[in-house]
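First up is the structure itself, then whatever we jot down about it.
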Amino acid sequence: MNVSVVGSGYVGTTVAACLADLGHDVVAIDIDQEIVDTVNAGETPIHEPGLPELVETHAGGRLRATTEHDALTDTDVTILAMQTPSREDGSIDLSVLKAGTRDTGEALAEKDGYHLVVVKSTVIPGMIEAEIEPVLEEASGKTAGEGFGVAVNPEFQSQGSAVEDFMQPDKLVFGAEDERAFGALHELYNPLVEANDGVPVVETGQREAAMVKYANNVFLAGKISLINELGNICKEFDVDSYEVADAIGLDERISERFLRSGVGWGGSCFPKDTDALRAAARSVDYEPQLLDAVVGVNDNQPRRMLDLLAQHVDLAGNRIAVLGLAFKPGTDDIRGSRATVAIDGLLERGADVAAYDPVAADAMAEKFPDVEYVESAAAALDGSNGALVLTDWDEFGALDDEFETMADQVVVDGRRIVDPREGMTYEGLTW
Ligand SMILES: NC(=O)C1=CN([C@@H]2O[C@H](COP(=O)(O)OP(=O)(O)OC[C@H]3O[C@@H](n4cnc5c(N)ncnc54)[C@H](O)[C@@H]3O)[C@@H](O)[C@H]2O)C=CC1
Ligand SMILES: O=C(O)[C@H]1O[C@H](OP(=O)(O)OP(=O)(O)OC[C@H]2O[C@@H](n3ccc(=O)[nH]c3=O)[C@H](O)[C@@H]2O)[C@H](O)[C@@H](O)[C@@H]1O
């Protein structure tokens with residue numbers, strides 16, 4: 001199939017490269033010239049394991065990039081993968097997606113024959129009919145369901161394992177209102193379904209598909225907040241919450257995944273999607289009490305880390321090592337990272353921060369230019385009066401003698417990654 005992907009960010013680039021690898025001819029369309037040049041040079045605009053190999057293999061062949069939306073007229077399917085960020089009140093800001101949808105619609109005006117527009121961006125149920133389809137109709141001069149189809153196809157890939165998640169999905173969710181749209185989606189995903197024998201394909205309505213995406217994310221965020229609350233209580237009772245989690249995870253109804261307690265969840269989507277669903281609920285006069293608590297527990301975890309550290313070290317005027325800036329290992333993304341909250345709190349309390357991350361320091365330097373960024377965990381620890389561990393990069397688990405160079409060996413671990421040792425004052429956040 002000939003496929004266009006509008007928006008070549010974290011999701012769009014991965015989807016475009018994977019679909020090219022599955023045998024489709026793909027054009028990635030982005031307004032950012034630098035991204036387009038990078039992809040066409042066979043390189044990746046983002047840090048994502050496995051992606052460089054795919055882009056290098058297919059760029060110039062089955063994968064190309066352009067800033068021209070007209071390129072989509074040569075394709076059968078257009079996937080919209082633009083950002084849907086939060087507004088101040090938590091609701092989603094559709095302006096970028098709508099502008100890109102207009103560009104898409106204008107190009108569609110020139111297209112002969114049926115075309116499927118697939119919304120992969122995360123949007124609240126109802127917004128497709130109310131805000132996206134009308135823009136496509138107006139810009140293209142065509143009618144949805146006739147001149148073109150619209151489908152919702154949420155993406156469940158995680159950063160750091162996006163390629164693997166796309167190529168070996170737990171499920172595919174197709175939301176559409178007519179058979180032609182379902183047919184085109186089946187054709188698009190056929191190579192993936194063939195490669196993943198038995199992968200469930202859920203066919204449902206547009207609204208349900210949109211809600212599945214939010215439900216999936218808030219359920220996982222809620223699971224982590226629940227284990228964090230249990231973990232906080234465990235800590236007070238001198239109970240190792242990881243032993244408790246290992247045991248309850250054996251119950252298949254609970255499952256062992258997403259039971260790692262600590263400093264909490266960040267990222268580009270858990271915070272945005274929980275906020276968006278809370279705002280959507282309030283817009284229809286429903287008070288989302290449990291979702292509010294899920295966010296409340298998460299907001300508190302970095303504060304609890306600072307309080308624990310402050311029990312052992314005077315933060316004002318002392319050097320504190322911050323190990324890990326990315327919101328999770330395997331990515332350079334700092335959106336919603338717990339480290340941003342922790343650094344904010346440390347600076348507020350007058351600490352001198354020495355921060356280290358293997359790939360995310362440049363991004364954090366844009367946010368906190370006055371913090372000292374160092375080249376290794378060892379350099380961050382050297383002379384420090386305390387350390388906070390905020391991302392579970394494997395290399396932090398391998399640290400050993402490096403702790404001996406600290407002025408005061410006080411480590412508060414928010415990810416259960418450091419091995420406590422003799423001479424170290426070690427505090428686990430939830431154990
Ligand atoms: N980041 C993730 O792992 C996941 C994100 N999502 C959802 O997917 C959507 C995209 O997220 P990300 O990839 O993280 O966003 P992103 O911000 O990394 O990428 C969006 C891209 O769209 C481009 N763009 C903006 N306007 C455009 C236009 N008019 N024409 C062409 N390109 C345009 C931007 O330049 C940018 O490169 C969001 O709705 C997000 O909630 C869903 C699953 C996973
Ligand atoms: O919509 C999205 O963008 C994506 O959001 C998450 O993926 P992602 O945010 O990339 O990463 P996760 O592995 O889910 O981790 C999110 C946060 O939860 C934290 N986490 C995760 C698991 C756990 O047990 N404990 C825990 O604190 C991580 O450290 C991280 O800060 C979902 O897992 C994806 O399915 C979804 O597609």
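Placed from the backbone N, Cα and C atoms, the Cβ positions cover glycine too.
What TrEMBL says about this one:
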- ASP30, THR84, THR122, LYS272, ARG335: NAD(+) binding site (BINDING)
- LYS213, PHE258, LEU259, ARG260, SER261, GLY262, GLY266, LYS328: substrate binding site (BINDING)
- CYS269: active site, nucleophile (ACT_SITE)
- 321-420: domain 'UDP-glucose/GDP-mannose dehydrogenase C-terminal' (DOMAIN)
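Positions of TrEMBL features highlighted on the structure.
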residue: ASP30; record: NAD(+) binding site; Cβ neighbours (10 Å): 25
residue: THR122; record: NAD(+) binding site; Cβ neighbours (10 Å): 22
residue: LYS213; record: substrate binding site; Cβ neighbours (10 Å): 24
residue: LEU259; record: substrate binding site; Cβ neighbours (10 Å): 20
residue: SER261; record: substrate binding site; Cβ neighbours (10 Å): 28
residue: GLY262; record: substrate binding site; Cβ neighbours (10 Å): 26
residue: GLY266; record: substrate binding site; Cβ neighbours (10 Å): 24
residue: LYS272; record: NAD(+) binding site; Cβ neighbours (10 Å): 21
residue: LYS328; record: substrate binding site; Cβ neighbours (10 Å): 20
residue: ARG335; record: NAD(+) binding site; Cβ neighbours (10 Å): 18
>> For ligand 1, list the recorded positions among ASP30, THR84, THR122, GLY262, GLY266, CYS269 whose CB atom is within a distance below 6 Å of it, in sequence order.
In response: ASP30, THR84, THR122, CYS269
> Near ligand 2, which of the binding-site residues THR84, SER261, LYS272, ARG335 have CB less than 6 Å from any of its atoms?
Replying inline: none
> For CYS269 (active site, nucleophile), which of these binding-site residues sit within 10 Å, Cα to Cα: THR122, LEU259, ARG260, LYS328, ARG335?
Replying inline: THR122, ARG335
>> Using only C-alpha positions, which one of PHE258, LEU259, SER261, GLY262, GLY266 is spatially nearest THR84 (NAD(+) binding site)? These are the binding-site residues in the record.
In response: GLY266
>> At a 10 Å cut-off from the C-beta of the residue listed as 'active site, nucleophile', count the other C-beta atoms across all protein chains.
In response: 26
> In Å, how long is the longest CA to CA span across ASP30, THR84, THR122, LYS272, ARG335, which the record gives as the NAD(+) binders?
Replying inline: 22
>> Tell me the Cα distance separating ARG335 (NAD(+) binding site) from GLY262 (substrate binding site), rounded to the nearest angstrom.
In response: 18
> Where ARG260 (substrate binding site) and ARG335 (NAD(+) binding site) are concerned, what is their Cα separation in Å, rounded?
Replying inline: 20
> What is the separation, in Å, between the Cα atoms of GLY266 (substrate binding site) and ARG335 (NAD(+) binding site)?
Replying inline: 7
> From the Cα of LYS272 (NAD(+) binding site) across to the Cα of LEU259 (substrate binding site), what is the distance in angstrom?
Replying inline: 21
